[in-house]
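**Student:** Sharing a structure below in structure tokens format, with a few things to ask.
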Amino acid sequence: MAIIYLILLFTAVRGDQICIGYHANNSTEKVDTILERNVTVTHAKDILEKTHNGKLCKLNGIPPLELGDCSIAGWLLGNPECDRLLSVPEWSYIMEKENPRYSLCYPGSFNDYEELKHLLSSVKHFEKVKILPKDRWTQHTTTGGSWACAVSGKPSFFRNMVWLTRKGSNYPVAKGSYNNTSGEQMLIIWGVHHPNDEAEQRALYQNVGTYVSVATSTLYKRSIPEIAARPKVNGLGRRMEFSWTLLDMWDTINFESTGNLVAPEYGFKISKRGSSGIMKTEGTLENCETKCQTPLGAINTTLPFHNVHPLTIGECPKYVKSEKLVLATGLRNVPQIESRGLFGAIAGFIEGGWQGMVDGWYGYHHSNDQGSGYAADKESTQKAFNGITNKVNSVIEKMNTQFEAVGKEFSNLEKRLENLNKKMEDGFLDVWTYNAELLVLMENERTLDFHDSNVKNLYDKVRMQLRDNVKELGNGCFEFYHKCDNECMDSVKNGTYDYPKYEEESKLNRNEIKGVKLSSMGVYQILAIYATVAGSLSLAIMMAGISFWMCSNGSLQCRICI
């Protein structure tokens with residue numbers, strides 16, 4: 001009877017409770033931190049784009065310049081097989097095949113060709129301007145051509161150039177000049193012809209020992225043709241050597257030659273600058289649009305990093321070599337074990353989160369005579385959400401000094417420089433990747449610590465309100481020493497709990513509970529004595545009964561001596 005009394009007594013003593021906890025869900029998202037790997041979190045954001053669409057697209061609505069089977073040189077010089085490129089609109093980038101078929105139809109070389117290609121990475125449109133019309137060279141023949149550049153079975157030549165040869169038996173000094181009044185810089189290309197032998201030199205130019213000089217305010221170049229036998233290319237042993245310069249606004253370029261000059265008929269006014277580039281690709285333009293293009297395909301993403309290809313054009317994420325960059329945005333995901341109950345050993349923020357709280361990251365669970373329920377703490381959740389929302393922007397801001405990997409090209413004579421450049425770019429990308437990965441690890445560590453701190457702050461905020469009107473249960477929960485209805489619970493949650501209002505009731509109940517504990521110890525002692533005495537009496541009675549039975553049937557003889 002006493003045991004039943006005690007059970008009822010302790011059941012009656014248990015009071016209303018409120019617990020501080022955090023959100024949990026069924027997420028399997030994992031992140032890495034400085035100290036841990038594969039930490040399961042409630043929410044995470046992958047910030048590394050790994051995919052592309054495999055297509056070459058318009059960039060911001062502007063199509064690329066698709067060279068097809070022509071090279072950059074073939075386009076600018078005017079290879080007859082590239083006539084469709086004689087007039088081109090604005091481009092977003094340039095598509096060039098790895099080994100284009102039509103380049104220099106007349107065999108030769110293009111000085112500083114790689115630098116010219118690099119120049120094109122900042123140009124989005126050339127306006128072709130006639131600078132030295134063909135009919136101005138009245139003392140020279142301007143119809144020179146070659147079977148190497150044949151079109152429709154007839155000899156031809158580069159469309160944008162004029163090959164000056166002798167007229168009759170004379171080749172007077174050829175002079176020409178152009179003053180750049182276009183308002184923009186102008187690309188100007190010229191050439192020098194190198195014959196196969198002296199007989200060819202005289203047949204074309206009459207003169208031997210000729211020169212070609214080109215001069216601007218910043219350039220003076222004098223070339224002497226090199227007469228020599230060479231292996232045949234495209235059926236020719238002779239060569240043409242092309243050079244280029246940028247003519248500044250209001251500057252003048254002067255040409256003078258006693259023979260072997262390939263003069264420009266057209267120059268290229270740089271009418272629009274901007275971020276461009278040359279995509280080495282065998283693909284063709286497709287009906288699609290993008291804001292970021294790589295040689296492998298377009299990237300359409302809002303993520304801050306990608307690992308598709310180091311060469312990009314447009315509004316692109318930062319390139320890194322990483323395989324994984326995931327930012328934690330939520331909390332450690334440690335769902336409570338439902339079978340053990342809310343107020344069991346796993347309750348609160350110490351041992352598990354609440355899947356039942358879905359409208360916030362941190363909050364409360366209360367239990368009283370009116371029932372129980374979850375409620376998120378909107379203020380702390382909103383502050384945390386605002387901080388996490390800015391995290392990706394913070395990462396981007398910290399990494400805003402992106403190293404731009406430019407696809408530079410080098411001639412065969414500069415392979416050592418090319419190898420050195422590649423090693424430098426690889427080194428930069430390695431460092432850049434390491435910085436990005438380290439930043440993500442550090443941010444993840446800070447995020448998880450930030451959430452832990454927010455839960456602790458919420459717990460401390462409640463504890464400071466309730467003070468000694470409650471008992472801390474040690475698992476994130478408080479047990480009230482007074483009755484706390486739903487209105488009382490709401491006041492705790494919104495920070496308006498009236499401590500003095502419940503102080504006396506809590507004090508009385510706190511003392512009563514202490515008295516119950518003391519009296520319960522006395523009851524336990526009485527029960528122990530009672531059990532001992534009762535057990536001894538029962539044993540004595542049982543022994544006496546057995547002895548009496550044995551004496552009555554002769555199994556035991558009893559002698560009484562006086």
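For all residues, glycine too, the Cβ spot is worked out from N, Cα and C.
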**Student:** According to Swiss-Prot, N-linked glycosylation site sits on which of ASN300, ASN553?
**Tutor:** ASN300
**Student:** Swiss-Prot annotation: CYS484 disulfide-bonded to which of CYS477, CYS488?
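**Tutor:** Going by Swiss-Prot, CYS484 is disulfide-bonded to CYS488.
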**Student:** Looking only at CYS288, CYS316, which is named in Swiss-Prot as the disulfide mate of CYS292?
**Tutor:** CYS316
**Student:** Does anything in the same chain, at least 6 positions from CYS70 (disulfide bond), have a Cβ under 8 Å from its Cβ, and if so what?
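**Tutor:** The answer is ASN79, GLU81, CYS82, LEU85, PRO100, ARG101, TYR102, SER103.
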**Student:** Would you mind sorting out which of ASN38, ASN179, CYS292, CYS484, CYS488 (the recorded positions) have a C-alpha within 10 A of the one on CYS57 (disulfide bond)?
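**Tutor:** Checking each Cα against CYS57 (disulfide bond), the hits are CYS292.
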**Student:** What's the CA to CA span in angstrom from ASN494 (N-linked glycosylation site) over to CYS149 (disulfide bond)?
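**Tutor:** That separation, Cα to Cα, works out to 86 Å.
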**Student:** Give me the Cα-Cα distance between ASN25 (N-linked glycosylation site) and ASN180 (N-linked glycosylation site), rounded to a whole Å.
**Tutor:** 70
**Student:** Can you figure out which of CYS149, ASN179, CYS288, CYS316 (the recorded positions) comes closest in space to CYS484 (disulfide bond), comparing Cα atoms?
**Tutor:** CYS316
**Student:** Using only C-alpha positions, which one of CYS149, ASN180, ASN300 is spatially nearest CYS292 (disulfide bond)? These are the recorded positions in the record.
**Tutor:** ASN300
**Student:** Reported as an integer number of Å, what is the Cα distance between CYS288 (disulfide bond) and ASN26 (N-linked glycosylation site)?
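**Tutor:** Just about 38 Å between their Cα atoms.
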